[in-house]
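Trainee: Have a look at this one before I ask anything.
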Amino acid sequence: MSKKRRLFTSESVTEGHPDKICDQISDAILDAILEKDPNARVACETSVTTGLVLVSGEITTSTYVDIPKIVRDTVREIGYTRAKYGFDADTCAVLTSIDEQSPDIAMGVDKALEAREGQMTDEEIEAIGAGDQGLMFGFACNETKELMPLPISLAHRLARRLSEVRKEAILPYLRPDGKTQVTVEYDENGKPVRIDTIVVSAQHHPEITQEQIERDIKEHVIKPIVPAELIDENTKYFINPTGRFVIGGPQGDAGLTGRKIIVDTYGGYARHGGGAFSGKDPTKVDRSAAYAARYVAKNIVASGLADKCEVQLAYAIGVARPVSISIDTFGTGKVSEDILIEVVRNNFDLRPAGIIKMLDLRRPIYKQTAAYGHFGRTDIDLPWERTDKAETLKEQALALAKQ
């Protein structure tokens with residue numbers, strides 16, 4: 001291998017992974033509340049272990065939802081329906097500990113600092129300050145049609161396929177827990193040229209042989225997903241490399257909401273501000289601003305203004321306007337990054353209320369994002385994945401570049 005060639009690896013997990021169970025429960029509760037009370041404040045955390053689900057957090061709402069029922073329905077849908085799996089939707093204990101949102105935080109969110117200072121009218125913005133300080137990143141690149149890095153794109157598709165072959169009884173001996181990992185080789189120009197390594201770990205019935213699992217995973221999971229032209233005789237496969245994966249899910253490992261933030265985003269290919277998504281209503285900029293940053297980055301790449309783009313947004317609690325906007329095109333930009341920032345400011349309202357309005361976020365759309373990634377999804381329609389501003393950005397940026 002040439003010195004200039006490099007390898008990059010990303011991983012994904014199935015919906016039955018303990019941390020992902022928690023993300024899905026937290027977002028199922030969020031969706032159920034938003035369906036009845038779109039203005040609710042929700043920060044819902046879930047923990048799972050053998051036979052137990054604990055739901056805690058801060059929720060301020062005018063509605064009632066049956067949290068234990070939502071938990072059991074979600075666990076059942078994932079596929080934990082038998083005690084011998086070590087976790088059963090009908091028999092697991094469900095504990096809840098829910099408080100209201102701190103009034104100190106609510107005060108800052110309810111009426112943004114600028115509005116309190118008289119710099120803005122309530123008509124200009126619904127006066128929502130950021131629910132916390134923090135920094136968020138969005139990223140896009142032209143490695144795939146959905147403008148995502150190839151390693152995480154393939155890892156997600158393999159993980160989703162693992163669940164499909166289980167639920168459709170193509171491989172009925174599989175159980176819900178599983179992980180995937182893909183290593184891509186990039187050439188001297190940074191273009192993906194081949195798959196170096198594929199790792200798949202799939203929980204299974206104890207009677208199935210390792211040989212059958214290897215054969216079936218290659219045939220029914222990897223082959224339909226990974227493009228044949230990226231595979232060669234040197235591609236390495238590690239399928240259940242320990243030789244046995246019977247004990248899994250919450251019986252094998254405890255799980256927590258928000259512990260798969262790299263899986264949820266770009267697989268480590270781009271930077272991450274540290275904030276998790278699931279269980280948070282859209283006034284939490286950890287979630288809404290990360291979605292907005294992806295929306296911005298994707299439209300910049302879709303416009304042809306850059307091959308690769310990373311957007312950073314940062315906020316102060318109670319303050320609506322971002323304290324900073326930063327754009328990095330890694331030397332691939334067709335115009336300067338200053339011009340890109342200017343056209344972004346002109347075309348995207350990146351105040352929390354502006355983001356909520358722009359992306360129509362006060363809706364029950366979140367549970368579907370809680371497994372297999374929040375970005376680059378082609379199986380569901382997500383507003384931050386649209387490229388409706390690409391042409392406008394291109395026209396304005398090129399006009400500014402000529403001045």
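A Cβ is built for glycine as well, from the same backbone N, Cα and C atoms used for every other residue.
Because the structure is a prediction, the values reported are computed rather than measured.
The ATP binding site annotation in Swiss-Prot covers His17, Asp177, Gly178, Lys179, Arg244, Phe245, Asp253, Arg259, Lys260, Ala276, Lys280. The feature Mg(2+) binding site is assigned by Swiss-Prot to Asp19, with sequence analysis given as support. Residues or ranges marked as K(+) binding site by Swiss-Prot: Glu45. The L-methionine binding site annotation in Swiss-Prot covers Glu58, Gln101, Asp253, Lys284, and the record cites sequence analysis as its basis. Per Swiss-Prot, region 'Flexible loop' is recorded for 101-111, and the stated evidence type is sequence analysis.
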Trainee: Return the residues near Lys280 (ATP binding site), defined as same-chain residues 6+ apart in sequence whose C-beta is under 8 angstroms from its C-beta, sorted by sequence, else 'none'.
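Mentor: Listed in sequence order: Leu30, Val42, Ala43, Cys44, Asp286, Arg287.
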Trainee: Where's the emptiest Cβ shell within 10 Å among the binding-site residues His17, Arg244, Lys260, Lys284?
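Mentor: Comparing Cβ neighbour counts within 10 Å for the binding-site residues His17, Arg244, Lys260, Lys284 gives Arg244.
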Trainee: What residues, ordered by sequence, lie under 8 A Cβ-to-Cβ from the residue listed as 'K(+) binding site' and sit at least six positions away in the same chain?
Mentor: Cys22, Ser26, Val55, Ser56, Gly57, Leu256, Thr257, Gly258, Gly279
Trainee: How many angstrom lie between the most widely spaced Cα atoms of the ATP binders His17, Asp177, Gly178, Lys179, Arg244, Phe245, Asp253, Arg259, Lys260, Ala276, Lys280?
Mentor: 36
Trainee: If one measures from the C-alpha of His17 (ATP binding site) to the C-alpha of Glu58 (L-methionine binding site), what distance in angstrom results, rounded to a whole number?
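Mentor: If we compare the Cα positions of His17 (ATP binding site) and Glu58 (L-methionine binding site), the gap is 25 Å.
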Trainee: On a C-alpha basis, identify the one among Asp19, Glu58, Lys284 that is nearest to Gly178 (ATP binding site); the candidates are the binding-site residues.
Mentor: Asp19
Trainee: Does DSSP give Lys284 (L-methionine binding site) helix, strand or coil?
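Mentor: DSSP call for Lys284 (L-methionine binding site): coil, neither helix nor strand.
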Trainee: Sequence gap of 6 or more, Cβ distance under 8 Å: name the residues on the same chain that satisfy this around Asp19 (Mg(2+) binding site), in order along the sequence.
Mentor: Val13, Gly255, Leu256, Thr257, Arg259, Lys260
Trainee: Between Arg244 (ATP binding site) and Glu58 (L-methionine binding site), what is the CA-CA distance rounded to a whole number of Å?
Mentor: 40
Trainee: What's the number of neighbouring CB atoms sitting within 10 A of the CB on Gly178 (ATP binding site)?
Mentor: 29
Trainee: Measuring CB to CB from Asp253 (ATP binding site), give everything in the same chain under 8 Å that is also at least six residues away in sequence.
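Mentor: In sequence order, the residues whose Cβ lies under 8 Å from that of Asp253 (ATP binding site) (at least 6 apart) are Pro18.
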